[in-house]
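Taken from TrEMBL, the feature region 'Disordered' covers 73-199, 214-254. Annotation comment: TrEMBL describes 76-162, 186-198 as compositional bias 'Basic and acidic residues'. Taken from TrEMBL, the feature compositional bias 'Polar residues' covers 216-225. The feature domain 'Tr-type G' is assigned by TrEMBL to 352-521. Annotated region 'G-domain' per TrEMBL: 355-503, in sequence order. The GTP binding site feature in TrEMBL is assigned to 361-368, 407-411, 461-464.
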Amino acid sequence: MPMSTKATKKIKLNDLAKSLALGNNDIIECLEKLDGVSRKTQAALSPEEVSYVFEYFTQNNQVENFDAYFANTVKPAEEPKPKKAEKKAEPKTEKKPEPKAEEKKAEPKAEEKKPEVKAEEKKPEVKKEEPKAEEKKPEPKPEKKPEKKKEKKEAKKQDHGVKMQLGGGSSFGSDDSKGYTVSESTDDHSDGKRRTVDTRGSYIELDKYNEKYDNMATSKQGNKNDNFRKKQKITQKSQQYKKQQHSHKKETEQDKLNRLALEKARKQQLKVMIPDEIVVSELASRLKVTATEVIKKLMALGVFASINEVVDFDTASLVAEELGAKVEKEVHITIEERLIEDEADAPESLEDRCPVVVVMGHVDHGKTSILDRIRNANVAEGEAGGITQHIGAYQVKCNGQKITFLDTPGHEAFTSMRARGANITDIAILVVAADDGIMPQTVESINHAKAAGVSVIVAINKMDKEGADPDRVKQQLTEHELVVEEWGGDVIAVPVSAKTGMGIDELLENVLLVAEVKELKANPNRLAKGAVIEARLDKGKGPVATLLVQNGTLHAGDVIIAGTSVGRVRTMTDYRGRPITEAGPSTPVEITGLGEVPTAGETFNAVEDEKLARELVEQRKHEAKEDEFKKFQKVTLDNLFSQISEGEMKELPIIVKADVQGSVEAVRQSLEKISNEEVRVRVIHGAVGAVNESDVMLANASNAIIVGFNVRPDPVAKANAEQDGVEIRLYRIIYDAIEEITDAMKGMLAPKYREVETARVEVRQVYKISSVGTVAGCYVLDGKIGRNDLIRVVRDGIIVADDKMSSLKRFKDDAKEVSEGFECGITLEKFSDIKEGDIFEGYIMEEYRD
Ligand SMILES: Nc1nc2c(ncn2[C@@H]2O[C@H](COP(=O)(O)OP(=O)(O)OP(=O)(O)O)[C@@H](O)[C@H]2O)c(=O)[nH]1
């Protein structure tokens with residue numbers, strides 16, 4: 001018989017049917033219920049499937065107790081007594097059988113257990129029994145089938161097994177030894193109490209049992225005893241796992257669901273969000289794979305990163321795509337991005353706006369006078385010292401069109417402000433006095449205008465003056481790449497006189513002309529944004545700011561944020577001081593309502609969410625503080641020179657601690673003598689004793705260095721100094737201290753370096769590759785050779801070259817480092833005369849201090 005004693009072997013469906021005295025269709029039908037697949041008669045069934053078939057057919061054919069069954073066999077006419085039995089059997093048969101793979105687990109136990117269970121009785125009897133059954137009771141298959149089907153149906157309806165239906169007429173022997181494991185109940189058989197077949201036992205020697213069963217099956221009998229055996233066997237098997245099945249069934253269903261969900265998820269391509277940088281472990285978890293898989297993929301890409309290392313977006317997305325995931329860039333939206341509208345305006349939303357013009361030029365060339373002439377007001381005379389002190393903004397009308405002017409300060413000290421002025425404007429009027437020509441600040445103005453991409457119109461002023469020489473100005477302009485139109489260039493130069501008013505209209509007309517060419521547009525229907533032109537604190541009004549709206553429309557009551565200043569627009573006036581409720585693009589306004597005075601040149605934005613705006617301001621303040629903190633650097637001898645050269649250090653405060661008072665004084669005098677022109681050394685404190693906590697506090701507060709002679713810092717002082725970044729220098733000889741501080745002041749405290757050997761590598765083969773050069777096929781003898789190591793080429797104990805590595809490869813991939821015992825390919829930057837047997841000594845230069 002094909003039915004194997006080994007559970008791992010597959011059994012053909014028709015063989016199984018034969019063995020069970022069933023039709024092939026019965027089995028096909030049964031298995032179809034398991035998974036909906038219709039099998040062929042020759043199909044090989046897995047142990048699970050066989051088990052399922054057993055379960056299925058036996059749950060309808062359980063024997064509840066042998067006594068009852070035997071009784072039946074003796075009195076075939078008697079119906080099995082089932083009420084009680086049925087009840088008892090119910091829980092057993094409630095559960096739908098499911099194939100279990102654990103069958104085998106029971107085997108060893110079964111073997112152990114068997115002798116306990118009336119082995120003596122069973123064994124000989126089985127042998128006796130079998131031939132009996134074979135000879136005596138051949139049971140024709142056809143009889144069997146309908147009965148089974150019926151039972152099956154019944155079982156289905158009732159959802160429980162039917163007891164021992166095949167007992168009637170059977171001539172099964174009266175012995176209860178059938179080769180099954182039967183355990184007695186505590187009740188004694190002889191006392192008339194019923195014995196129970198414990199089919200739940202897990203100590204079944206299945207192999208042996210199956211063997212017997214096979215033998216029985218091969219005998220081809222149809223007798224009822226055999227059938228009973230089969231069923232009994234089947235029952236036993238099914239009962240064996242009954243208990244487990246209850247829980248396993250649930251688990252299995254759950255597992256099935258999980259599996260289906262997993263499969264579904266797998267089918268849908270995994271989407272991963274990857275930020276600019278991601279740690280390998282995090283990438284693995286997002287990709288739902290192990291870190292090893294990610295590391296392998298990285299290696300395949302030539303990236304050697306450990307689980308905790310960070311890889312960039314490009315690398316991570318390559319790995320993710322390799323693993324079949326769809327990558328999306330993870331973008332962190334800051335409060336700023338949430339709060340401030342920053343999309344570009346649709347072309348159809350754009351409307352013409354008037355030009356914003358800045359007047360630039362050398363001091364006293366007449367900027368204010370020209371603006372005054374334009375505004376028909378003489379402001380210049382009212383100014384302190386005749387110098388324009390602040391950026392002001394005005395609007396004028398020319399031929400019915402508006403022009404916004406920003407009056408920039410002309411003094412050198414306002415250079416940075418002027419630069420800002422150029423950045424927010426469209427057109428720069430470069431004022432050059434005709435008599436004076438181009439001066440340093442004129443050049444500076446030209447450069448600012450160029451850098452800001454602003455169109456330049458030259459106003460050659462003071463034409464009324466004697467000695468006015470516009471041609472000389474034009475000539476000088478060409479030296480700065482500004483070629484006037486009449487000389488073939490594209491720069492408009494208008495001769496004007498602020499004093500007489502000559503050429504002023506023509507200047508304005510040209511401004512409008514240039515503006516038209518520039519097609520200046522903005523979208524008035526959005527939240528306003530622009531720049532702070534100037535700001536001051538007014539005693540009565542609080543912070544007052546002059547703003548230039550560059551895009552959108554600013555309304556009274558809008559929440560605006562400018563740098564670290566936030567507030568609602570309380571009052572808004574135009575350049576003439578008249579209250580207005582809204583201001584469109586290119587309009588300068590003066591507003592009140594901000595919480596604090598914003599910085600001139602800052603951009604401002606009208607926002608919708610005041611709370612969020614305040615949050616953003618807090619964040620900006622925090623960042624500003626951090627920046628400030630970073631800027632503040634503690635003085636150390638290493639950074640002393642750079643601080644001196646940056647002008648940050650005018651005085652070097654020193655705290656001197658020594659073992660005796662005499663030393664303190666000697667050190668104080670010696671150190672104070674080494675002051676030079678840039679920096680003065682000043683001992684702010686000197687005392688006898690160890691460097692203590694209070695010394696560190698003083699040094700921290702006054703940005704001083706602590707110098708100790710023959711003393712040590714106490715542990716608290718040491719810890720505090722490390723935490724606060726206070727430098728403590730300890731010496732035993734005064735001369736050393738003086739020398740070091742002098743050197744530091746001169747910027748001569750050069751760092752010291754030493755060589756640290758990293759690896760010894762032997763050249764085993766040399767390849768000449770035309771595109772690459774000479775590649776040394778190497779073996780790392782000891783240490784770890786790193787990609788950035790320097791290489792000393794040693795041949796027969798003589799250094800033949802000292803070079804840098806230009807590539808380090810493991811096979812075809814670039815490697816960061818290669819360890820002892822591994823092979824690698826090395827190319828050197830300059831040296832190519834590499835020979836087999838050369839030794840590469842890898843080393844690095846390490847900075848150190850004594
Ligand atoms: N003759 C003559 N003098 C002028 C003309 N324009 C300005 N000035 C004089 O030149 C001097 C400087 O003029 P401002 O308008 O103050 O020059 P500015 O460039 O604004 O000077 P800052 O504000 O200091 O940069 C004043 O005394 C003006 O009266 C002009 O067209 N002709």
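Every residue gets a Cβ built from N, Cα and C, even glycine.
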Number of Cβ atoms other than its own within 10 Å, given for G361 (GTP binding site): 28
Binding-site residues near ligand 1 among D364, K367, M463 (Cβ under 6 Å): D364, K367
Fewest-neighbour residue among binding-site residues, criterion Cβ within 10 Å, set D364, K367, M463: D364
Whole-number mean of pLDDT values that fall within the region 'G-domain' (355-503): 78
